[in-house]
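Features of the protein shown, as given by TrEMBL:
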COMPBIAS  520-535  compositional bias 'Low complexity'
COMPBIAS  560-582  compositional bias 'Low complexity'
DOMAIN    210-262  domain 'HAMP'
DOMAIN    267-496  domain 'Methyl-accepting transducer'
REGION    519-606  region 'Disordered'
TRANSMEM  12-35  transmembrane segment
TRANSMEM  186-209  transmembrane segment
Amino acid sequence: MQFQNLSVSKKIWALMLLVMGALLAAGLGMQTYMLSLESSLRQQLQSVEERIRVVVQWRGAVETSASFLVAANMAQDQASMDFFNTRYEEARKITTVLREETEEHLETAAGRQRLQSINAAREKVNNISQQVAMERRSDGDVAAMVQSDLIPAVTSYIAELDAMVKLQEQLRTTIIQDSDSIRTRAMIIGGLGLLAVVVVGLLISAWLVRQLTAPLARAVDLAQEIANGNLTRDVHDDRKDELGQLLRSLNTMTQKLRAVVGEVRNGVDSVSSAATQIASGNQDLSARTEQTAANLEETAASIEELTATVTQSADTARQANQLAATAVQAAERGGEVVSQVVMSMDQINTSSRKISDIIGVIDGIAFQTNILALNAAVEAARAGEQGRGFAVVAGEVRSLAQRSAEAAKEIKALITTSVGNVEVGAEQVAQAGESMQEIVASVRRVTDLIGEISASSQEQRDGIAQVNQAVSNLDQMTQQNAALVEESSAAAIAMNEQAQRLAQVVALFNVGQEQVQRLASPASAPRASTAAAPAVPRKPENVAKATVPKLSSKSGTASKADAAQEKPASAAAKPAQEAAPKLLRPAPLHAASSKNTVNDDDWETF
């Protein structure tokens, strides 16, 4: 990924991190160098201090051993001599250890040379001490030799040790001085490093600022060109950061502004042409409006006559409905009478059947009586003279039984005939009742039909009254449309003037000749089509026919009355709606807006 494709925030963060990293690295390097230098100086000082301490101890041990040596040589008795010799040997061992330790820690040539001098002085002291010991064994003058040889040798030995101490102190002073100079030099180097980091950071910052300001300057130039009306300039940049996106967005904005301005120019031409055609169309519309007003007056007169006729028909239907209602009542009463007759015939038929049953019972009784009388006569004959009176009575009873049976047969025959006649009459009465019910139902249907005719006539009368009112309203609206047409003509002229002003304003923008030709080519076809679209007026008879609604039910009276008010407007508006899309069609980009313009011009529908 290239650096210029990074976002601005990432670039700034990268610069800050780079500078901070460089400063941190320089600081860490300086700190590490100072720490290592401090550690080295500390080690050197510790080594020098350690040598000074050892040499000082060595010097003290030498003084002690020398004191014991002098005391041993100056002792008067053997016990004192042995005591001091023992102490001398112990101190001498200590000096030997300190000498070896000093020799191990020496690092400079001057120190080693000074150690050789110390060793020579030490060897001299040892030789003199041996000579003093030999002199003491030979009973010589030990005191004089100690004073003349041993003490000066010891003094020289101590002086050499003092010189070693001074040498180490000088070395310590030199190390301290060198450390100060080294620190100063390190500070100078660190300052130069920080200065170099700052200089590099400034150079990188300047480069980054140039990377950021150059695209911004191009964006400002492009915005200034757009503000000055120059839309022909394009900016191309392959950067992927926010500045590249800004330049590409400005370039896209310029292209879209160029397209919009070109479309506006073509739209202005279309609007100007449409305004001229609207003014011409308004004149034709004014003439058609006057003719429509005359047709509406004739239609209003015809509707008034139709209203009178329908009103008379409604009154006649109402009277017929009343007569039909009276007939229904009479038929219902007749039906009730026939129903009562049918019920009476049913009762007579039932009574006749009961009488027939009773006659049958009487006939049976007469037959049994005849049998009993016959039996009684037979018994009387058997009785002889004693039963003769009983036989006479039995004969009379038998004669009465026979006559009763004959009378019962005759009555039964008459009752049977009467029952047959009653059944026939009942059937005829039932048929008459059914016919009466059919008559009542038919009369009711006729009454309902007459009622519906009366209601329909009433609804037609109300509907025609509403149509009459609608025609009156249409007449008023037609008169108002005439005034609106005049106002529309004035508005079209004003719109033409505004289009000319808009063309002057848009002319400030330079979109290039190629863009103008490309955008003007699709707009030429609609203007040619609009120029060839004439206004076709509609015949007045069609308008008059459209004002008559069709009313069939009471529930649809209000809605159809409203439809009666809308139908004349829609019928009159159809030619204007057919011509309007051709007259007001601008460039293709504004197709939607032209459609809204046609829908908004509702005054054309009157």
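A Cβ is built for glycine as well, from the same backbone N, Cα and C atoms used for every other residue.
Those TrEMBL annotations? Automatic predictions, nothing curated.
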Beyond a gap of at least 6 residues from its ends, the CB atoms lying under 8 Å from the transmembrane segment (12-35) belong to 3, 6, 183, 186, 189-190, 193-194, 197, 200-201, 204-205, 208
Beyond the flanks of the transmembrane segment (186-209) by at least 6 residues, Cβ under 8 Å: 11-12, 15, 18-19, 22-23, 26, 29-30, 33-34, 37
What are the DSSP helix, strand and coil residue counts for the domain 'HAMP' (210-262)? 39 helix, 1 strand, 13 coil
Could you tell me the mean pLDDT over the domain 'HAMP' (210-262), as a whole number? 75
